[in-house]
Structure formats: structure tokens, C-alpha cells
Amino acid sequence: MADLSMTYPKERSETTTSRKPGWWSSYRSRLTPYLFIAPNLLLFSIFVFFPLLYAAYISVHQWSLIDAPEFNGVQNYTRLLSDGQFWQSLTNTVVYSAATVPTSLFLGLFLAIGLNRKLAARTLLRSIYFLPVVVSSVATAVIAAWLFNDNYGIINALLKQAGVGPVAWLSSPRWALPSIILTTLWVRIGFCMVVYLAALQSISPSYYEAAVIDGATRPQQFRFVTWPLLRPTTFLLLILNVIYSFQVFDLIFVMTGGGPGFSTTMIVQYIYQAAFASSEMGYASAMGMVLFVLILLFTLIQWRINRRTEQFV
Amino acid sequence: MVTTTSPARQRLETGGLWLLLTAGALVMFFPIYWMFATAIRPRDEIFSGAVNLLPTGWVWSNFTAALSRMPFLDWTWNSLVIAIAAVVITVSLNLLCGYAFAKFRFAGRDILFIGVLSALMIPIQVIIVPLFLVVADLGLLNSYWGVILPRAAEAFGIFMVRQFMVSIPDELLEAARLDGASELTIFLKVVLPLSKPIIAVLIIFTFMWRWNDFVLPLVILTDQEMYTVQLGLNLLKGQYNTEWTDIMAIALLSLMPMLVIFVFFQRQLIQGIAGTGLK
């Protein structure tokens with residue numbers, strides 16, 4: 001600001017062609033972008049990247065926070081291999097992701113296409129579908145626990161009137177995970193819908209006009225125009241949804257606490273338990289590193305597939 | 001889509017679609033409605049086993065009763081302080097950083113940007129143990145700053161700002177530079193006025209993310225007086241004798257700031273995503 005008031009008159013008096021920056025100002029202008037990103041990089045370094053390296057370090061130690069960390073090589077990692085609860089939490093995470101990700105993408109796309117048409121109360125319908133996205137996971141979990149309540153929940157009450165059930169939604173290992181999956185869909189569908197809607201609105205109508213001139217039916221328009229143009233969006237949503245699914249914590253922590261038994265325990269919750277309930281920092285960190293590598297691998301593979309297929313489009 | 005079918009069939013199709021979408025919306029809205037219906041219901045009705053979809057009585061005192069049992073107002077205050085401070089810090093830093101990535105060429109830019117994006121992929125649970133230790137070493141356990149600072153740099157925000165600002169014409173910036181404006185002046189006087197839509201989206205999203213945060217406050221805030229709304233809600237849910245009227249009343253109140261923001265800004269929220277490269 002002070003800079004402006006000092007240089008502005010002087011610059012004006014010069015002709016624009018003769019503006020020669022001195023070494024200081026050219027040095028400073030090269031420094032500008034670094035100054036602009038410096039605060040963020042500093043925060044990332046302290047609170048994300050350093051902790052990540054630190055986690056890798058802790059993962060090869062045995063440490064309960066009280067004594068000094070004791071190096072134990074890859075023991076934490078080999079212990080994972082024979083830990084049934086780890087495998088169950090990994091299986092739960094994969095099942096949960098496989099159930100939630102394709103479903104929310106598909107339903108989100110369906111809603112987006114539907115609500116992109118001219119329909120009565122379209123804006124209201126969009127808002128209702130999006131509303132769950134702004135509700136916190138904790139509130140969502142609390143509401144869901146009440147709806148699915150075995151004895152007094154409205155879902156079982158309605159089922160009873162229909163002559164079915166009652167179902168032990170949250171207290172049986174069989175139904176707890178499906179309940180959580182349904183609750184997750186409630187939140188995710190709206191998110192996918194909005195992102196797809198934004199993408200649909202950026203497709204130029206001229207593509208469809210051209211397709212119609214070529215005699216394309218509505219399904220053909222979708223197959224040959226809409227779907228290919230939505231590919232980058234689908235890719236982004238796929239990655240984001242898988243990452244969200246692998247990181248799901250709040251919802252399950254509040255809704256079932258991972259139970260009954262280990263039927264709804266996900267990796268992240270097992271990590272949390274190992275660290276803050278059993279004080280096994282090394283073991284928790286080793287699991288964290290495995291999770292990190294899994295997410296990284298998934299993202300890289302998707303990236304490669306996306307890049308390769310993109311070349312043929 | 002442009003259609004080739006007859007108008008009559010098209011009207012039938014549209015009508016069917018509308019019914020389907022409306023039925024779906026009713027299902028989607030039901031949990032929110034049911035929270036409200038439970039919160040204002042007479043207490044003893046909850047356990048009577050009767051299914052009354054419409055409330056039989058409006059007991060507004062349920063809210064004051066729930067508030068008197070729980071330090072909800074203190075938790076709300078804590079959440080507000082944290083969320084507002086986070087909005088001010090995060091949005092300013094995101095804008096500066098995203099602008100630099102969008103409009104400057106500098107050595108190491110792409111590597112640094114990939115570094116920022118990779119922060120998106122690191123689940124907080126992976127780093128929660130060392131993060132807890134870092135916050136403890138900085139003497140910030142059980143403090144507002146302990147929850148604000150670790151989340152002040154938001155990779156998603158930087159990404160959205162970059163995508164938005166890439167489309168600001170370089171000529172505008174060059175013209176300002178030729179006029180001798182400093183880089184900070186250009187940012188404040190040229191770039192920011194053009195960025196109002198993305199600023200609105202960032203403010204809404206950042207507030208929402210921080211208001212709804214759970215894991216970090218759960219680990220950092222150990223004193224119940226320091227609890228946020230979400231931690232308080234979790235505490236209520238975990239109590240042995242579950243009072244659903246109280247929980248639903250508090251849950252409804254905990255949504256209020258987000259519901260207000262949603263009602264006022266839903267256009268920006270939903271359309272804003274379109275302008276942020278999230279497509």
C-alpha cells in the first residue's frame with residue numbers, strides 16, 4: 001500500500017517503454033509468489049508433513065508415550081499380518097467403500113440429470129437433496145441412531161405396522177454396517193448430485209443439438225455426449241469418495257462406536273483405539289502408514305487409468 | 001438434452017420423473033423432520049410405542065429444559081470462536097496461496113502444488129498421534145489455537161482458489177503492474193474484487209468444516225468447558241440414560257448456524273461449486 005503511494009506518481013511521469021526495474025524490484029517480484037504461499041507452507045510443514053514423517057518414525061518403535069520410544073524394526077508391521085481385528089477393520093473399510101462409492105455416484109448422477117431438466121420446484125428439490133451435506137457427521141449419527149433405535153425408532157415402528165421386523169439395526173452385527181451405509185448414502189448422494197449438476201450445466205447445448213441432427217435418441221445422447229464429457233467429474237468424485245470412505249470416522253464413532261463387536265470398526269477407528277485407548281503409539285502409527293500407502297496407491301492407479309483412457313477420447 | 005420424442009410422451013415422462021424425485025426428496029427430508037418432531041414432543045410420548053408422525057403437542061420448553069441440563073451455550077461459544085477465527089485465517093491464506101499458484105511462474109511451483117494436493121490425501125488419523133504431540137509441545141493442548149492452527153492451511157481451499165483464479169485475465173494484472181502497483185496492491189485492489197464468488201464459497205465451506213469438526217477437537221480439547229458443540233453432542237449421545245428429546249433438541253440447535261447459512265446462501269453454495277473447478 002505504502003509502495004503504491006510512493007511509486008505511483010514517479011512511474012506515471014516516465015514513459016511506459018522506458019520502465020526498467022532495478023535489481024531489487026526484480027528480485028522482490030521473483031520473491032512475491034514465495035511470500036504469498038509461505039504462511040500456508042509453514043502451517044502444512046508443521047501440522048501435516050512433519051507429523052507424517054514423525055508417524056513413519058514412530059511406526060518402527062514401540063512406544064506408550066510414557067517411556068522413551070524403543071526401536072523394534074518392522075515388528076509393528078508384521079504384527080498387523082496376524083491381527084484378526086486389523087483384517088476385519090480392513091475388510092469392513094473395503095465393504096463400506098464398495099457399497100457407498102458406486103451407489104452414491106450413480107444416484108447422484110441420476111438426480112443431477114433429473115434436476116437439470118425444467119421441473120416444478122426444481123430449486124427446492126435440489127436444496128432438500130443437498131441439505132444433509134451441511135449437517136455435521138455427529139448430528140447425522142445422532143439422528144440416525146434415533147431413527148434406527150431397536151425399540152423406539154421410527155423405522156422399526158413403521159416396519160411393525162407393515163407387518164415386518166422388528167430388525168435389530170444397530171445392535172446386531174448383521175445389520176449395523178448396512179445401517180451405517182444407508183446413513184452415509186443420505187449424506188453423499190447430495191454431494192455427488194451437486195458436483196455432477198455443476199458439470200452438466202457447463203456442457204454446451206450445441207453438442208446435443210448436433211447429436212439430434214445425427215438422429216441420436218435420448219439414451220444415445222447420454223452414452224455418446226453426456227457420459228464422456230462427465231468423465232473428469234466422475235474421476236474426481238470417485239477419488240474424493242474413496243478417500244472419504246477410507247477416512248470415515250465421526251459418523252461411526254458416534255453411531256455405533258465400531259460395534260457390536262468389531263462389526264463396524266474401520267481402519268481409522270482401530271488406529272484411534274490403538275493410540276488413545278491402548279496407548280500403542282507405534283502400532284497405531286504403523287496402521288496409519290499402511291492406510292496412507294493404500295490411499296496413495298489407489299489414487300495413483302486411478303490416475304494412471306484415467307490418463308491412459310483419456311488419450312483415446 | 002434435446003428430445004426427439006412426442007410432446008405427450010415427454011410430458012408423461014417428465015411427470016413420472018417429478019413424482020420419483022419428489023418421493024425421494026420426502027425420504028431425504030424425513031430424518032431432519034423427525035429430529036424436529038422428536039425435539040418438540042411431550043417427553044413421555046417417546047417411549048409409549050405409538051407412531052405419531054405429526055406431533056401431538058408442541059412442547060417448546062423441551063429446548064429450555066435441554067439447555068438447562070447441558071452447558072450448550074458455552075459449547076456454542078467455543079465452536080463460534082474456533083469457526084470464525086478459522087474463517088478469517090484460512091480464507092485469507094487460501095486466497096494468497098491459491099493466487100500465487102494460479103498467476104505466478106516460479107521455480108518449484110508444480111512440486112509445491114503437488115505437495116499441497118497430497119496433503120488432501122493424508123487422513124488426519126494417520127498423523128493424529130504426532131499431531132497431538134506437536135500441539136502438546138507448542139503448549140496448545142486444550143486451547144482454541146490448538147484446534148485452529150493445525151487446520152488453518154486447507155488444501156481443498158487452495159485448490160479451489162487456484163482453479164478459480166486461473167481464469168482471471170493476465171492483461172489486467174499486467175496493466176496494474178505497468179501502473180506501478182505493488183503485488184500486494186494488485187492482489188487487494190484487482191484480484192480480490194473479481195473473486196467475490198469464490199470468497200463467498202470459501203467462507204461458507206470453511207465455517208461449515210470447522211463448525212462440524214470432530215476428530216481434532218476430540219483429541220486436543222480434553223476439558224469439558226472447552227468442548228465444541230459436536231463434542232457436547234457426542235457426550236450426550238454416550239450417556240447411559242439416553243434422553244432422546246434432549247439429544248434431538250440439542251442436535252437441532254447445533255444445526256442452526258449451518259441451517260441459517262444454508263437458507264441464505266444456498267444459491268451460492270450450490271452454484272458456487274460450479275465456478276470453483278470442482279467439475
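Every residue gets a Cβ built from N, Cα and C, even glycine.
The domain 'ABC transmembrane type-1' annotation in TrEMBL covers B:76-265. Under the heading transmembrane segment, TrEMBL lists B:15-34, B:46-63, B:75-99, B:111-132, B:144-165, B:186-209, B:247-265.
When Cβ-Cβ distances under 8 Å to the transmembrane segment (B:75-99) are tallied for each of B:15-34, B:111-132, B:144-165, B:186-209, B:247-265, the top count falls to B:144-165. Same-chain residues lying 6 or more positions outside the transmembrane segment (B:247-265) and placing a CB less than 8 Å from one of its CB atoms are 35-36, 38-39, 62-63, 65-67, 70, 72, 76, 80, 200, 204, 207-208, 211-212, 229-230, 232-233, 236-237. If you look at the transmembrane segment (B:111-132), the same-chain residues 6 or more away from its ends with a CB under 8 A from one of its CBs are 97, 101, 150, 153, 155-156, 158-159, 162, 215-216, 219-220.
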